[in-house]
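Presented below is the structure to which this report refers.
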Amino acid sequence: MAITQFRLFKVCTCLATVFSFLKRLICRSGRGRKLSGDQITLPTTVDYSSVPKQTDVEEWTSWDEDAPTSVKIEGGNGNVATQQNALEQLEPDYFKDMTPTIRKTQKIIIKKREPLNFGIPDGSTGFSSRLAATQDMPFIHQSPELGDLDTWQENTNAWEEEEDAAWQAEEVLRQQKIADREKRAAEQQRKRMEKEAQRLMRKEQNKIGVKLS
């Protein structure tokens, strides 16, 4: 029983392989036909009649041949002059705001006033006479921009005094620096001499110790 089943299985496998081989052959033949039928041949020729024709290129020297060669102005020179004058009048004056305005300096005059006695007879002690104005004194209002130039008094010795003060200050600083430098040099010299004396003293003490030993 087992042998018959094995033989049947072997026969079935052989038939299956044969059918699969045939199926592959049929598929390959159908695919080859389809590819051969789908091939399309493209034309290799070019039709120059469909290309648009270019316009003729003109030379640049012939561009202004049709342009006018002269311009005629009608009306005469008088109309042109009036038009120019009208244009000049219409132009705005840009420098109008920059014109300086000159203002006259305002003067205030203080009138003389009589001193107030408050019932005190003349000659008695009253208010001081310095409170009463003796004469009319003109008061000149100074402008905020320039001020009163008449009250300026130039002091020619101010610059010389400042230069002398600066020179004296520099001289004092220089002398102080020299004194500090000399003081430091003397201090260093003193320390050097003390060290030298201590070294000689140790040397003498060592000699005395060697002799005693």
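Count begins at 1; order follows the chain as displayed.
Cβ atoms are placed via backbone N, Cα and C, with glycine included.
Features of the protein shown, as given by Swiss-Prot:
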type: MOD_RES; residues: S36; note: phosphoserine
type: MOD_RES; residues: T41; note: phosphothreonine
type: REGION; residues: 179-213; note: region 'Disordered'
type: TOPO_DOM; residues: 1-6; note: topological domain 'Extracellular'
type: TOPO_DOM; residues: 28-213; note: topological domain 'Cytoplasmic'
type: TRANSMEM; residues: 7-27; note: transmembrane segment
Legend entry - Taken over the topological domain 'Extracellular' (1-6), the model's mean pLDDT: 77
Inset, instruction - Over the span of the topological domain 'Extracellular' (1-6), count residues by DSSP class, listing helix, strand and coil in order. - result: 5 helix, 0 strand, 1 coil
